[in-house]
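Scroll down for the structure; my scribbles are underneath it.
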Amino acid sequence: MANFSLEALDERIKKLEELHEIQESNDNSINQFFLIVMGVLVMFMQSGFAFLEAGSVRQKNVVNILIKNILDCLKGAIIWWACGFAFAYGDLDIPSAANKFIGHKYFFTQGWEDFENFHANWFFQYVFAATAATIVSGAVAERTQFGSYVIYSTFITGFVYPVVAHWAWSGTGWLTSSPIPSFRRKVFDCESLSYKFDDDDVIAFADFAGSAVVHCTGGIAALMGAFFLGPRVGKYERVGGKRVSKQLAGHSVPLAALGGFILFVGFMAFNGGSALAIVSSGEIVDNGQAVASAIMNTLVGGASGAVFCLGLSILVPVIKGEDHYWSLLTTINGGLGGMASLCAGCNDMTTGAAFGIGGIAGMTVYWVGNALDRIGIDDPIDAFAVHFGGGVCGILLAPLFANFGIARQPSCGVQKDAFGEVWAACNVAEPVDMELFECDYYAYKQFAWNLIGLIVITLWSGSLVGGVFAVLKATKLLRVEEEIEIRGLDIKKHGEPGYPLAAQGHGWEERSSSEEKTKTYQKNTVIPEPTHVQLEPARFGPDN
């Protein structure tokens, strides 16, 4: 009987182990599916960029802007496969050989078996890299040589962005955790009766979905491109010794609006998918709540950004006594800037904080866009204002208003009141010595670390991409000839007009056999003369 019981127990243990393995396998598959679905929606944002940019440029340059968006996806995939992923995440499985600056494994996906859920993670991270490169295309639209586009976009996707991603998101990069001992939380040591810095609680760069990693990287690169290219022909003219900005309107507002809607939807996956998992094995973590919170906060922040950006665009002209307009494109840009700002901490803040951060970002988009225009930098779709302006707001305001931020940190008075409980936990016989109390400014350290990361990312991306644009300009490879720019890039550079005139005819210029039959029928048919009736003029008055 005892042997039977032990054998039955062993059998049950084996079944439990098998069930546990099946559950882990199913959880793993669900998480991979989650990443793929979210990645597909983020990839769909490329069509949003394409429509937004195509609608915001003139008809003669539509093909030129669309092929760049297409290639950001296709060419970007090859680059990410060859070296991008390797530079970003190429040392996650070898901590002993980790490099704080750059990854060094998985080139052309070699050795991918060592990386858990490699293909799903590769795809999800690829669509973020493609987004960072695409941000630039709108800022340099309608005047850039196609060859120079290939060069700068390859450089961003293959080196500039992957290095930034490695710093902040790999877990082994230098921004992942601060090496400065004082940039850690203070804990009271009962043995020495003094404070020390907790080795396990280090400050990490807080950028959940890429306010700085994606949007600031792409935004500063966009500014460099617009600066070195110079404004489009006809954008500015001298009137009475002053530079006056002229509106070079895009050819299709509905196309731009469609692109905006697609980007709004894509941002839900961009931020929600950054949780990287929907189920958790081995620990109780409500990943579903984190994803839902990120999506809701993103929507609230984007809505706030749109409303505040539009409101400011009305209020400022009214104050100045100028004409004001309810601009659709301004509303779209404000919404996108608000959503970009929520990338930094949308998973860990209240909706009130999301509303405030998004609103500040929307106003920032308006001010930055107008400031660039005043100093003569031509950014056709306000890429710098939307992405860098929104990204800066997110990466600096999240440490202020998120749940881990300064606004939520206990004040020194509250910490001091709680010191007695800390002392009691040490089981020290002596009475509480309040002179030993030290206030911890942990949230302020988080803000400082985010500020350091923002500065370094801006300098890194701006200087490298700016250098590429400077070299292209010096070698006269950056900008198309003035005649081509005036007449349009589509025909000369691509041989494919966006709206061919030949495709817009009705085909009835020449008589066909059916037309001859119709005329014969009409000749043999008696059509009565129309009867003309004199109508009294309409009367408008109280009775009508």
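A Cβ is built for glycine as well, from the same backbone N, Cα and C atoms used for every other residue.
Which of 350-369, 410-429 counts as transmembrane segment depends on TrEMBL, and there it is 350-369. Ranked by number of Cβ pairs under 8 Å to the transmembrane segment (73-90), the listed stretches 149-169, 202-228, 325-344 are led by 149-169. Within the same chain, residues 128, 131-136, 138-140, 144, 152, 156, 160-161, 164-165, 167-169, 175-178, 183-184, 270-271, 274, 294, 340-348, 372, 377-379, 383-384, 386-395, 398-399, 402, 404, 442, 445-446, 449-450, 453-454, 457-458, 461-462, 465-466, 469-470, 472-473, 478 sit at least 6 positions outside the transmembrane segment (202-228) and bring their C-beta atoms closer than 8 Å to a C-beta of that stretch. Counting C-beta pairs under 8 angstroms (sequence separation of 6 or more), the transmembrane segment (447-472) reaches the transmembrane segment (149-169) with 3 or more such pairs.
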